[in-house]
Amino acid sequence: MTKKRIAIIGAGPSGLAQLRAFQSAAAKGAEIPEIVCFEKQDNWGGLWNYTWRTGLDQYGEPVHGSMYRYLWSNGPKEGLEFADYSFEEHFGKQIASYPPRAVLFDYIEGRVLKAGVRNLIRFSTAVRWVEKAGDKFNVTVCHLPEDRTYTEEFDHVIVCSGHFSTPNVPYFPGFENFKGRVLHAHDFRDALEFKDKDILIVGTSYSAEDIGSQCWKYGCKSVTVSHRTAPMGFNWPDNWQEVPLLQKVEGNTAYFKDGTTKDVDAVILCTGYKHHFPFLPDDLRLKTANRLATADLYKGVAFVREPALFYLGMQDQWFTFNMFDAQAWWVRDVIMGRIALPDQATMEADVIDRVTREDAGEDDYAAIWYQGDYVKELIDETDYPSFDVEGACKAFKEWKGHKKKDIMGFRNNAYKSVITGTMAPMHHTPWKDALDDSLEVYLQN
């Protein structure tokens, strides 16, 4: 009998979780399908694979990365720790709770290096088109260095390309004549560019909070945040203000809905991202808002209208790496015949039920527990190592409280690992004073 062939699109955290899931089954003696992972970048890690580039890459492809220098985790690492590969195992000791970008990339890479899955990835290979042909998928890709296009046949396709790389870019009158710089968070790379400048941030997402904090930390003159519905409401520094929605820009002056104005040197649009899958035809393409209960995905992963197609990591996220693991193990077991999918009507009812339950939640705490329950639900159906999901939810709740108490100091707190039970040490330098975010300096605890 011919082995099934599986195409994984993307080698970021969710794609790497899927590779690890299959490798885990093989390590236990199971016969796994033939796996091919296509990755547009020349290295794994997805968004965590930092690049200085913006706009287009060396091959004329849209730059995938939205990562910037000096980024530190904006949530405790205890909420994302791999159940099968702890921070202590990787670093040989417990580390502080809010690692910088380079530290988290090192951790992500460590697990897949140990698993030995790099040979399953075709790097610098962009997926151009996926179409259903009978009971198979034809996947057309381009090897970018050679500009060579070819098509291969697969039994299943797993989309792991993420949803934080195609920016949502609104227009405001006057942008075309603004004398400063207008950019989306996707193209933000270095807070030092905005030293001694008055910056305007449009949006109240996590990127607004974090990019504003970065610019404050590295010496911008002032931060003004424009909100559409409500301010973030934290206890910001004196040179930080929140105002209603931007209406227009004239010269260097920004005009807001309440009639106030502010002269600014730069506008940073922290206005979110789009689920964007240009390689998929309309009947296979996921169309969903950024929410916990995604549209058209049974158990949050199986595409209802074509259940041989899966999407990983498409939810809005409290949980990240460990949720991708839970999803990847579950998808693996469906493909390997360990879990049977129900009929389409049952899957559609599941989607509706998840949306209804999410909508019934009244606040962020309800959302945290909602997603925690989802992670537990998937883990209970596979052999993924169980871990203290409730403890992770409690860490997220503490994190929310720490941010409310001190938005510029919340990263100075420590939490207990839900995998090993070890308490994280306090970092050797308060976040606002830690200007060197290198791996070597961070690990000097």
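Cβ atoms are placed via backbone N, Cα and C, with glycine included.
So that you can see what the record holds, here are the features copied from Swiss-Prot:
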- S14, E39, Q41, L47, W48, H64, N74, V127, Q317, T320: FAD binding site (BINDING)
- W72, N74, T204, S205, S207, R228, R411: NADP(+) binding site (BINDING)
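Positions of Swiss-Prot features highlighted on the structure.
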residue	record	DSSP (3 states)
S14	FAD binding site	helix
Q41	FAD binding site	coil
W48	FAD binding site	helix
W72	NADP(+) binding site	strand
T204	NADP(+) binding site	coil
R228	NADP(+) binding site	coil
R411	NADP(+) binding site	helix
Determine, to the nearest whole angstrom, how far the Cα atom of R411 (NADP(+) binding site) is from the Cα atom of Q41 (FAD binding site). 31
Provide the number of Cβ atoms within 10 Å of the Cβ of N74 (FAD binding site), excluding the reference atom itself. 15
Lowest 10 Å Cβ neighbour count of the binding-site residues R228, R411 is held by R228
Of all the binding-site residues given, namely S14, Q41, W48, N74, Q317, which is spatially nearest to S207 (NADP(+) binding site) at the Cα level? N74
Using C-alpha atoms, which one of the binding-site residues W72, T204, S205, R228 comes nearest to Q317 (FAD binding site)? S205
Cα-Cα, whole number of Å: S14 (FAD binding site) versus W72 (NADP(+) binding site)? 20
Given that the record lists W72, N74, T204, S205, S207, R228, R411 as binding NADP(+), what is the largest C-alpha to C-alpha distance among them, in Å? 27
